[in-house]
Amino acid sequence: MDTIIGCLCSAVPSFQQIFSFLASHVHAEYIYKFDDNLDDLKTACEDLKAKITDLEGRVNAEEFKGQRRKDEVVRWLLKAKKAVEETSVLVATASPIGERLSTHGFCSTNPISAYSCGRMIPKKLAKVSELISEKICEELTRQSTLAKVVEQPTEQTVGLDTKLDSAWSLLMEEGTRMLGLYGMGGVGKTTLLTRINNKFVEVDKFDVVIWVTVSKDVDIEKIQDDIGKRLRLCDDKWCKKDQTEKRSVIFDVLTHKKPKYVLLLDGLWKEVSLTKIGIPLRQGGNYKIVFTTRSKSVSGRMNPNEQKEVECLGEKEALDLLMQNAGRRDGLSGGMLDLSKEIAKQCHGLPLALEVVGKCLSSRTTEADWGEVLCTLGSHPAVLEGMKKEMFGVLKVSYDYLERGEKDAQSCFKYCALFSLASNITQDELVEYWIGEGIIDVSQGRRRAERIGNEIINTLVGASLLLKDERKVHMHNMIREMALWIANEVTDGKRFHVQTDDARLTEMPYVPDCQTVSKMSLMNNEIKSITNSSSQFTNLVTLFLQNNKLADLVGGFFCLLSNLVVLDLSRNTGITELPDDISKLVSLRYLNLLGTRIKNLGGLKHLILLIHLNLESTSYVRSLRIISGLDKLQVLRFYGSAPLDRSLLESLETFQALELLTITVRDVDALESFLGSKKIRSCTQGLFLDRLQISGRSFAATFGELDSLSKLEMIECDIIETETTGINRYSPSTSASQITPSNTWFRNLSAVVLISCEHLKDVTWLIYAANLESLSIRVSHKMEELISEEKARDDVRVEPFKKLQVLDLDYLGELASIYWSPLSFPCLQKVHITNCPKLRKLPLDSTSVKKIDDLVIEMDDGWEDRIEWENGAKERFCRHTASDS
């Protein structure tokens, strides 16, 4: 073949002319040095790959110590990886050409292709060589928000130190990779795991500690999401991945970046496959896994290296815990001491039971009272198998001994079981349900009913039957199970049926003996339709269907529900129409349609017993005239719904029972009419102003006097005020008599949202809002400062934001100041500041926030390096700062 090709070449003069041209041309070296250049490029590419690998290894190691790679490193890695990719393509193209040139000479290939490819090789080589020689900054990373441990709050405990020392000793043994903690509900497993979590703060052997609360049905993807959030893997791409893809990402990160990690899994109800999650269980790996479960068999199936039972308290510890919760730290003697010992024994050393019964004893002072409690404890037979029944019998003592109108308090307690375990419901919402249901009598005035409701909540919290956080309440999981145990027993022919989050229903459930169900909660599921067959619940009084995927409401469903009093359909965005048969709900008093896409209110005009109607965030509703006949309404919410007009205002003024309003205003005349109606102003708690021009008067004076106003939102509103003196100025008066702690303007305002409000340069009037909890200001391009020092200079005694929990600022191009000096912020939980390029200082110093571990700060990438920090503030706050690039 070589001979044939050689002959052809010598026989064709044109080939010789081409090669003569190339030989004499300055670029002939692209072909003559083709092989040498290609070999140099391959070598350089391997060198670049090695540098990338080394650099990423160093960066990954730093990232798992809580650092974040610098932008310069990110930029170089992107360029380098792109260069490697382009080089690989070029090498793949050039290699066959080089082989033909080496084997057969120039005549063996297309000289133009060889020349073109040969010309590209030196250029790519130069680029790769430049990247190899480029000097990277010595410090590859900077401080990030990936804290090693997220500390969890714990309460004072009795008898847990010994358990903690024992569990910790087992866990820290060299051969222990997985530790299982098992024990009955309420024994303190979660508290022990919390203490273990917090103890890792003192240990430098691990890079990250990951806490995951496992749901009852073991949702693998939820566990993956919790791990992904902790490892900062969650982004737009993550959300689109399925379970298998997320598993691969987690496995890749934990395998190749090789962090030293601790995984804490709280509350396993059944075996969970760590492999399916993506956890690499490699021999000799630098990791620890701890899980808690109620079941010893579940613990065994997880194959831990060690497992330990979390036992109930011993006799002495149990008595100490009982006395602590009974408020008898100074001890007892005689008959009371004997009774306390017997009561502690009846609690079986169960911490949760001891706490609950102890709280029950705290309000009883005589020996006879304690003897009665002991008799009640002993009267609960173990009808159900196992300790669970005995525990519920113990916990039920507190329920049996509820103070004030036992029936009301007990009914309210059972009502709380309708909400899902994770629900944090505000006190006000809970009391509204109770009033709507008729559990709390409202005939003597709504204010009195609200007061009674809050007293009942305080009673339940005091009895450890409810947990309270600020103005929100929820149930401990064991207390909720006890409440369901009580509520599911048929009493007077009635019972509850509850299937919330974990049930994952897609259709209405089959419920045997459904005529006995008086209250049903199916909230937080994926139910898409209600069928006629579901209408056998003829004695149903309460129905929770909020936060499902309902779209099809079959009219026949409502026909037989003439006893229904409370109906919650909120947050079902698929609902656009209500069937005409909703008019058959003749007993309905409470209806919640918040967050639906309902367009008209049709059959609501027949629901003449309604006292509570929630239409908030129903932006598709065009008119509320249909409600003019609902004159028994006490609560009407249409914040973010159809706007107020004169006709509606006139109707509302005739409603004698109306006491709470949230409204939407989109017309200046309607706003003037609203401000001129003393009755409507006095009961308005929420005000949504949309695309209005407010001018010619003092904003603070106009809206500050709305005594009931709790939430204010303004979207695309032009606020143009006259620059007069005193109280009629745009901002608070410079007179010290106007800005004082006793000033009553905005006294109930808790949430403010301002979006695209032109001409607004400051919100100094917020200095009055002593109870402000949430402030969000977005896209206000002329906003220069939040609180003006000049306008508030005459009374610096008034420190704003004492109760602020959330501060959200975005796209405020001219904002240069929040406040001119550091503030205390005792309640601050979250700060989100983005796209505010002129803001260089935060009103924070080293003492500003008490609960620093609860604070999250989200800012633009690199912001914490550019900000001007007060003394000691940078070290205190930077580790709580997240980028929002």
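Each Cβ is built from the backbone N, Cα and C atoms, and glycine gets one as well.
Note: TrEMBL annotation is automatic and uncurated.
Taking TrEMBL as the reference, the stretch among 38-65, 122-149, 402-429, 822-849 described by the feature coiled coil is residues 38-65.
Taken together, the residues in the domain 'NB-ARC' (162-328) have a mean pLDDT of 88 on the 0 to 100 scale.
Assigned with DSSP, the residues of the domain 'Disease resistance protein winged helix' (419-483) fall into helix, strand and coil as follows: 35 helix, 8 strand, 22 coil. For the domain 'Disease resistance protein At4g27190-like leucine-rich repeats' (738-842), residue counts in helix, strand and coil come to 5 helix, 22 strand, 78 coil, using DSSP.
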